[in-house]
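Participant: Here it is, the structure, as structure tokens.
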Amino acid sequence: MPTLLDGKKVASDIKQEISTRVDELKSQGRRAPNLAIIIVGDDGASHTYVNGKIAACKSVGFDFTLMHFASTISEEKLMKHVENLNSDDDIDGFIVQLPLPEHISVERVTESIKPEKDVDGFTNQNFGSIVSKNQLIMPATPFGVMELLRRYDVETEGKHCVIVGASRLVGAPLGMMMTEEGRATVTLCHKYTQDLASHTKNADILIVAVGKPGLISEEMVKEGAVVVDVGTTRVVDNSRKSGFRLSGDVDFATVSEKASFITPVPGGVGPMTIASLLLNTLKAYEDQHS
Ligand code: GUN
């Protein structure tokens, strides 16, 4: 049986470490880090994620500020709120929860966030700093994946890492981080990739971030591979009270027979994204207060 890459457990360890640091700050008479969260509209999944982020802030002793706007808010008004948060000294970092309504440009909004406060690590400046000696704030989900592998002592140097999904928020920055810090040889697959299995079968480390349940079946995975599933799709499940369950991109039941390490969904990368958000907020606080 493979070793489970238990993101829930690692995230809980990280939260404990952050909590100790917050106690230290408070004992020095300093205020706690303060994270602001902007959410637009009433998408159920987004509200669930945001509630998880708020619970995480509470658990480590961070302050938080929740700003909820109707889906009809104009881009101009939303940008005004972003500008206010950029210049508010009581806010150390903030995020704009995605997705946004179609009439609002995600790129314009995220690019207007001051990089020092961009604790999701979405801005071009933070993205670019992955390849700089002077790293700023790392994209949260890729950072969470790297940290999860580090804490299980998964060797990445010289390994062949195949990433499926080249999104701007996960696959692309993860490819850069795996190359830079991970010193891995990276193959980045995307929707135009031909014969996906011919690539995934060669992976020592296979990371999948697409959002298509069951995309990766057992025949597509090499014996002994490390498998990281970033996918989280809500699929209908009437046997549950909520009416849905979360599904990853990997067929866990069969792939886990072959893998040496594997993340569960839920309880793998998801909690690590939240832990990274907290680490980034603490970094933003420390950098802006030093
Ligand atoms: N929507 C889904 N995941 C994320 C995330 O990590 N950050 C933000 N801001 N929105 C999201």
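Keep in mind that glycine also has a Cβ here, set from the backbone N, Cα and C atoms.
Sharing the record's features from TrEMBL:
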| type | residues | note |
| --- | --- | --- |
| BINDING | G165, A166, S167, T232 | NADP(+) binding site |
| DOMAIN | 5-120 | domain 'Tetrahydrofolate dehydrogenase/cyclohydrolase catalytic' |
| DOMAIN | 139-288 | domain 'Tetrahydrofolate dehydrogenase/cyclohydrolase NAD(P)-binding' |
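Could you place these features in context, so I can see how deep they sit and what lies close by?
Facilitator: Neighbour count (other Cβ atoms within 10 Å of the Cβ, all protein chains): 20 for T232 (NADP(+) binding site). In the three-state DSSP reading, T232 (NADP(+) binding site) counts as coil.
Taken together, the residues in the domain 'Tetrahydrofolate dehydrogenase/cyclohydrolase catalytic' (5-120) have a mean pLDDT of 98 on the 0 to 100 scale.
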Participant: Give me the DSSP three-state residue breakdown of the domain 'Tetrahydrofolate dehydrogenase/cyclohydrolase NAD(P)-binding' (139-288), ordered helix, strand, coil.
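Facilitator: For that range the per-state counts are 54 helix, 30 strand, 66 coil.
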Participant: So which of G165, A166, S167, T232, listed as binding-site residues, have a Cβ under 6 Å from an atom of ligand 1?
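Facilitator: Cβ < 6 Å from ligand 1: none of the binding-site residues.
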